[in-house]
Amino acid sequence: MSTLTKRQQEIWEVIRKWYQTHGYTPTLDEIGKVVGINTRSTVHQHIQALIKQGYLLVSAGKRAYEIPVDDTERNPQMNPGLPLQGQIAAGKPIEAIPDQNDISPNELFTGVGRYALKVRGDSMIDIGVMDGDYVVIQSVEDAHNGDIVVALVEREESTLKRIFYHANGEVELRPENPEMEPMVYPGDSVQVQGRMVGLFRTYIYG
């Protein structure tokens, strides 16, 4: 891990201690109140820095991040398996359910900044992404038209959709299911958190 700035270290300690006390991570507003930062965007920037340095994990949920609950000092890049970080909506945006398992075979999806999400919903079934599948995500902040991305909507909840940028500045999140309608948002309401680079599913035969 890289060395944290004084402010990043302060925020990391707040998150770690909050989790140990409450069993869940604080919201951006709660962090800001403790450390004396009045703007959510500034707190969000520090959270993104902690994610990039491995102190926090991306979360497809309300808080947009999670602390590794099995080890508050763990660097996710040191895990020999592909980290399963939660669930991602393939339908309407939902809050993710954290999952502490690791997904193998890691050799198929190695790479810095990659993680797995379990799909909830059937909005992407026309490209073979089914409810219960695992998608492999590459952490990125930008995407091209037509990419399948993890999109954080209004800084609250995430969804897996194909993204399109309109000339008027709006962003379209398009499902791959003819029974579902695209969702269109102002450009500043959607943040790309990652791009889908792989897919796999598991079967248990008894």
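From the backbone N, Cα and C atoms, a Cβ is placed for every residue, glycine too.
Computed from a predicted structure; not experimentally measured.
Checking TrEMBL for DNA-binding region across the ranges 28-48, 70-90, 91-111 points to 28-48. Secondary structure of the DNA-binding region (28-48) per DSSP (helix as H, G, I; strand as E, B; remaining residues coil): 17 helix, 0 strand, 4 coil. For the domain 'Peptidase S24/S26A/S26B/S26C' (83-197), the mean pLDDT of the prediction comes to 81.
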